[in-house]
Amino acid sequence: LDSESEKVVQDALDKVVALKRRTTIIIAHRLSTIRKADKICVVNGGKIAEQGTHQQLVQLNGIYAGLVASASSASRDIFDTLKHQCDCAPRAVSMGEYVASPRAASGLVTGFAKESDYLLKEPSYVINLDGHKTAPSSTEARTDQKATSSLWGSTFTLTNTILGSGTLAVPFAIASSGWLLGNAIMLAIALITRYSVQLLLSASDRAGQNCAKTYESLGHFAMGAAGTRLAEFTFIFGGFGTLVSYLIFTTDLCAAVLSVGAKDKWMITVFTVIAVVFPLSLSRRIGKLWLSSVLAILSIGYVVAFVFVAFLSVYNEDGGVIASGVQAVRLDPGSVYTVTLLISAFACHNTALPVYEELKDRSLAKMNRAVVGAVGVAFVLYEIIALCGYLQFGADTKDNILLNFSPEYVQKHQSIALPLLAGQLCMALALLLTTPIAMWPFRSCVLSVYLRVKNGVQTPSHEASYKEYAGVTVLSLALILLCSIFVPSVKIPLSIVGSVSGSLLIFIMPALFFLLQSPGPLLTREHTGPLLMIATGIVVGVLGLSLTLYKLAHEYF
């Protein structure tokens, strides 16, 4: 916008403020995101030079058409424009794909230092140049067209997000604190997860129906650039640890099936990464990998059923005797694994906002039912595998419950040999095929950071060239491969991720986003819960990481 056009916009804003109407104006959208707008206005010299739909303006062969032509031959430059009835979300987001928030884009326009003052918590109207208000019915209609997911579908998606490789480590988490204390902690974390997701969704609603559809954009809306950086750090750090744990789980399971010794396991890791993970990770269309997600859920369900049936079978064979070393309460430095591993096991916040966006006839109450259903299903499955695994193996429970079924154990109970083999193969294959999916949010954040450093402005990861995309994939997998080979136990990355990223993702960030968008004083009864969440998150993060490092130092050094 030139200086005269800036004055037109500022005058319109002044009129709105004088009328005390809640209004949001969005400027400086990327050219590629404007094409579905109901009306596009090109302002030049303080006057509307062109207006119409994308197709109409292209056929007009004027200023807008020239910008479209230049954008197709160069990188997608920022198109400074004022748009009526605008859609705040640049594009649909899937599997954690990073998209710069609307406020990040608007901040690129100079001459609007006070623009953020008009980005109110609940935008009701988008202004026209003549100052009259326009109801956002068309925006709501477009949102409703995207919202096609049922309550059951949303519940399944969230359940799929929660359940993962951490399921195999839940028995070890319970064994670290005893069956009574461990279950109390698991119930507390399940309830906290439900509450923190509610805070996250409430913060999203306060930001506006269409203005915060990803964790990163909500962070930027609430905290500016600091919120974006915090979200990026959380996803990069957490994603790296999760990917390392996936490869460790896969390697251990394949080694158990193939009877490969500990010294040669690294060859399995290298082969699986080169032959399977790397080729699948090069695809830029995540929709092709949906089958892996379904396979992972089925495999986890089978493993839980297998551990349950194996426990009942062995329990009856042994005359109702449980394993030695089973305790109701156990308190020592190793008890920290219960908290950190279970925090990782229940996290579903990275997909909560996209799922909320796609929920048909969405409301906070309806989404809460989906969250309660997903957390409830995960809690029941965790309860079954945790108690059955711990009561069956006692103090010898390993951080991968399937590794407890050793060749000696199978020789003693030969009836479980084939079901165990099927469980190990299914779980190994599921985790192997899920690794490329887990790469998406991690790589997207890394690409966003790289492109911001390269271009000097916040740039969505999908704008990276294929060479940049492949280069980041290769470097990331190389680092993940090295760590998975040299890290001796899967509980190390899972515990560190739970204490650092988990405390940020579950405790601190949802409460912080909620508080920053809450009117009135900070110290009120309504804010007691979020303030306690922030304090608890800091304690869990600092204490959890300290005890984890202390425990690891004594175990391995």
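For all residues, glycine too, the Cβ spot is worked out from N, Cα and C.
As annotated by TrEMBL, domain 'Amino acid transporter transmembrane' applies to 148-550.
Proximity of distant same-chain residues to the transmembrane segment (168-192), defined by a Cβ-Cβ separation under 8 Å and at least 6 residues beyond the stretch ends, is recorded for 249, 303, 307, 326-331, 334-339, 341-343, 345-346, 375, 378-379, 382-383, 385-391, 393-395, 397-402, 427, 490-491, 494, 506-507, 533, 536. The transmembrane segment feature in TrEMBL is assigned to 168-192 (among others).
Here the transmembrane segment (233-260) has Cβ contacts under 8 Å with residues 96, 164-166, 168, 215-216, 266-269, 272-273, 277, 344, 347, 350, 400, 402-403, 407, 421, 424-425, 427-428, 431-432, 434-435, 438-439, 441-442, 445-446, 449, 476, 479-481, 483-484, 487, 489-490, 493-494, 496-497, 500-502, 504-505, 509 of the same chain, all six or more residues outside its ends. Annotation source TrEMBL lists transmembrane segment at 233-260 (among others).
The feature transmembrane segment is assigned by TrEMBL to 266-282 (among others). For the transmembrane segment (266-282), the residues of the chain that approach it from at least six positions outside its boundaries are 247, 250-251, 254-255, 258, 260, 289, 432-433, 435-436, 439, 443, 469-470, 473-474, 477, 481, 484-485, judged by C-beta separation under 8 angstroms.
According to TrEMBL, the feature transmembrane segment maps to 289-315 (among others). Below 8 angstroms of C-beta separation, residues 159-160, 163-164, 167-168, 171, 280, 283, 321-322, 381, 384-385, 388-389, 391-392, 401-402, 405, 413, 415-416, 419-420, 422-423, 426-427, 429-431, 433-434, 436-437 of the same chain, each at least six residues beyond the ends of the transmembrane segment (289-315), sit close to that stretch.
For the transmembrane segment (368-393), same-chain residues at least 6 beyond its ends with a Cβ under 8 Å from one of its own Cβ atoms are 151, 154-156, 158-159, 161-163, 167, 170-171, 173-175, 179, 182-183, 186-187, 190, 193-194, 197-198, 201, 300-301, 303-304, 307-308, 310-312, 314-315, 322-323, 326, 345-346, 348, 352, 355, 359, 401, 404. Here TrEMBL flags 368-393 (among others) as transmembrane segment.
Per TrEMBL, the feature transmembrane segment maps to 413-433 (among others).
The transmembrane segment annotation in TrEMBL covers 469-490 (among others).
Marked as transmembrane segment by TrEMBL: 496-516 (among others).
Marked as transmembrane segment by TrEMBL: 528-550 (among others). Sequence-distant contacts of the transmembrane segment (528-550) (same chain, at least 6 residues past either end, Cβ-Cβ under 8 Å): 192, 195-196, 199, 333, 336-337, 339-340, 343, 495-496, 498-500, 502-504, 506-508, 510-512, 514-515, 522.
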